[in-house]
Amino acid sequence: MDKLGYTTNAKKQLDTNRAATTPTNSISPSKGKPQVRAILDSKGDLIRQAFLQRTFEANENDLTALDAIANGKWGPLAISIARGALDINGARYYGMTALTLAATENQQEMVKTLLSHGAEVDNGNVRGQTALILAAQNGNVSMMKCLISRGANINHRDGEGMTALHRVVASGNVEAARALIRAGADIDIADGNGNTPLTLALRAGRADMIRGFQAAGADLNRFDSEGNTPLIVAVKNGYVNGVKCLVELGADLNPTDNEGNTALIWASRNNNASLVDALMMDSEHLDANHRNAQGDTALTIAVKSGCTEAVKALLERSVDVNITDAAGNTPLMCAALDQRATSIAEILLKGKQKPDLTKRNNEGKMAIEIAASEWDGEDFASLLNHYLPADIVQNLRRTGMTWVNIKMDIAKYGVEKIIAAIEERKKWGELNQMEVLYEGIMKLISRAKHAS
């Protein structure tokens, strides 16, 4: 309690409101002081001294009768003084009324008294917070029920568009949330950021609230302003249990946000294999090969982002390993475009589904041709081994031909041009042993449908 008699909750609320706006004083000192003094004169010097010392000065450091009511200091006497001298709904101290201060301080009996003497139940402070919202923030279920029974607007929005239900979800108070839902709170109302109570629960990792909201009729597939559904929100926040819960409750797995991304694409982007597995629990209803607005799928995004764990999880679930992005690149080609993705290329090549090695992108290039330009010699050699039979690899080593020679030629000319050049060379005579081997290698590469 500070020197003015404020308890911690009231002081916090005043400090919060003080940051939000400039204070206004709706109490008139010139009108109120004579009336208060007249009452005090009849009640004795002790009370008169207490009030005259602290009341009706034009700065925020003085305690008024409204403050006394809110803090429960003088009981019925303070009430009678306020009724005769003050507007019981008058606001000062950054929009706080006697009722909102009493709610902040959990003064339930004082709240009842104020309401019975005409306090407006839905008057808000400068942040738009009513007594009900303040009671909700405090988790005071009994006071919430009292205010609702006196006609409080259960769906009143504060300055951030949040209702009492939003506030109790944000604080994680399950009992208070249940009480508000039973009292008829709108379960799907959105705050200023487009969050429903359900999406706030998901952001806060509150699985214990999700089933209750669904049972109360919450829309599991409602979009926010960014096109996020509750499922996408749960995935973006890495909340595996929330994703599992929503999947079990039958949430739609395939809605897209404003950029065309599904929950699975976000799980891949976040390199979270657990999220991928949770979404794949209902693989029958999941479009695992959906393309977003940029033409990327969950797998191509995982490869491009270097998300190894997501790639493994997706391949285990049998997504299309040869699906292409907007440029016609398969996942293997996407890996070939990045020297850092050689380990992902190995995962793709050794998976249950074998990538089509001869597939060409929109520029007519195969993965091996892309890698020849982007990868170093050792990594390129590792990839080339998947295109050639083991005996050819051994012959290559015996001839002294290096990976670097092949890499440089493929990077410079491309496989088909090299084959065409060799065919042209045949017109001028027989090929030597090295040329025959080279021709064989290029033809094998061009025909290597799947990794060896």
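A Cβ is built for glycine as well, from the same backbone N, Cα and C atoms used for every other residue.
Predicted, not measured: the structure shown is a model, and the values here were computed from it.
According to TrEMBL, the protein has these features:
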{"type": "COMPBIAS", "residues": "1-29", "note": "compositional bias 'Polar residues'"}
{"type": "REGION", "residues": "1-33", "note": "region 'Disordered'"}
{"type": "REPEAT", "residues": "94-126", "note": "repeat 'ANK'"}
{"type": "REPEAT", "residues": "127-159", "note": "repeat 'ANK'"}
{"type": "REPEAT", "residues": "160-192", "note": "repeat 'ANK'"}
{"type": "REPEAT", "residues": "193-225", "note": "repeat 'ANK'"}
{"type": "REPEAT", "residues": "226-258", "note": "repeat 'ANK'"}
{"type": "REPEAT", "residues": "294-326", "note": "repeat 'ANK'"}
- Query: Who are the long-range neighbours of the repeat 'ANK' (160-192) in its own chain, taking Cβ under 8 Å and residues 6 or more past its ends?
  - Reply: 127-128, 132-133, 135-137, 139-141, 144-145, 148, 154, 198, 200-201, 204, 206, 208-209, 212-213, 216-219, 222, 224
- If you average the pLDDT over the repeat 'ANK' (226-258), what number do you get? 95
- Query: By DSSP, how many residues in the repeat 'ANK' (294-326) are helix, how many strand, and how many coil?
  - Reply: 16 helix, 0 strand, 17 coil
